[in-house]
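Student: Copying in the features that Swiss-Prot gives for the protein in this structure:
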SITE      E98  site 'Essential for proton translocation'
TOPO_DOM  25-51  topological domain 'Cytoplasmic'
TOPO_DOM  73-90  topological domain 'Lumenal'
TOPO_DOM  112-137  topological domain 'Cytoplasmic'
TOPO_DOM  159-175  topological domain 'Lumenal'
TOPO_DOM  197-205  topological domain 'Cytoplasmic'
TRANSMEM  4-24  transmembrane segment
TRANSMEM  52-72  transmembrane segment
TRANSMEM  91-111  transmembrane segment
TRANSMEM  138-158  transmembrane segment
TRANSMEM  176-196  transmembrane segment
Amino acid sequence: MTGLALLYSGVFVAFWACALAVGVCYTIFDLGFRFDVAWFLTETSPFMWSNLGIGLAISLSVVGAAWGIYITGSSIIGGGVKAPRIKTKNLVSIIFCEAVAIYGIIMAIVISNMAEPFSATDPKAIGHRNYHAGYSMFGAGLTVGLSNLFCGVCVGIVGSGAALADAQNPSLFVKILIVEIFGSAIGLFGVIVAILQTSRVKMGD
């Protein structure tokens, strides 16, 4: 068994062991009602959901950007050994990957500016508006984070191919760059959808 397969199996076993332990404890102490999804959604603060959305927006976007830069950068450095001329021109791919992280930062700032304080602590007093705002911010952060994660990987793989193709045949660079531009638009789609998700958000008393 390889190291990666061992890691996956360890995570799988640990997850189900924790789930079993929690289930047994809840059964013994008569806390089974806490498995109720509605209870969980109403007892958690909308601020938790909004902060989770902010964290997911920035963290997943940065992971996507870093992953894409890693994939592209290694190919540029490797191909630049044989064809040094590709190093400067293919930095465009690195910029496209970095733009993915910028999308996440922008959306995190937008979401954080929408979070307004409220004085209520009881679920009924908090109201549907604040819960809707918290869930919308979480959904927006998850949307932009996941779209930027896959966008970064997409741009990184295409940028890697562009660097290696340019090293072999310079006329291929512009053609592959068009594919890379369309790949980078995936992250922009995520930002647009996230803005639409939070367009009706109103939090506060």
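Every residue gets a Cβ built from N, Cα and C, even glycine.
Predicted, not measured: the structure shown is a model, and the values here were computed from it.
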Student: Mind checking how the topological domain 'Cytoplasmic' (25-51) divides into helix, strand and coil residues in DSSP?
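Tutor: Result for the topological domain 'Cytoplasmic' (25-51), in helix, strand, coil order: 21 helix, 0 strand, 6 coil.
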Student: For the transmembrane segment (52-72), which recorded stretch in the set 4-24, 91-111, 138-158, 176-196 gives the largest number of Cβ pairs separated by under 8 Å?
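Tutor: The stretch with the most contacts is 138-158.
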Student: Mind checking which residues of the chain, 6+ beyond the ends of the topological domain 'Cytoplasmic' (25-51), have their Cβ under 8 Å from one of its Cβ atoms?
Tutor: 111-112, 114-115, 123, 126, 130-131, 133-135, 137-138, 203
Student: Validating a neighbour-count step here. Other CB atoms within 10 A of the CB of E98 (site 'Essential for proton translocation'): how many?
Tutor: 15
Student: On the three-state reduction of DSSP, what should I expect for E98 (site 'Essential for proton translocation')?
Tutor: helix
Student: As a quick check of your reading of DSSP, tell me how many residues in the topological domain 'Lumenal' (73-90) are helical, how many are strand and how many are coil.
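Tutor: Split into helix, strand and coil, the topological domain 'Lumenal' (73-90) gives 14 helix, 0 strand, 4 coil.
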Student: Quick test of the contact rule: Cβ under 8 Å, at least six residues beyond the ends. What residues does that give for the topological domain 'Lumenal' (73-90)?
Tutor: 159-164, 166-167, 170, 173
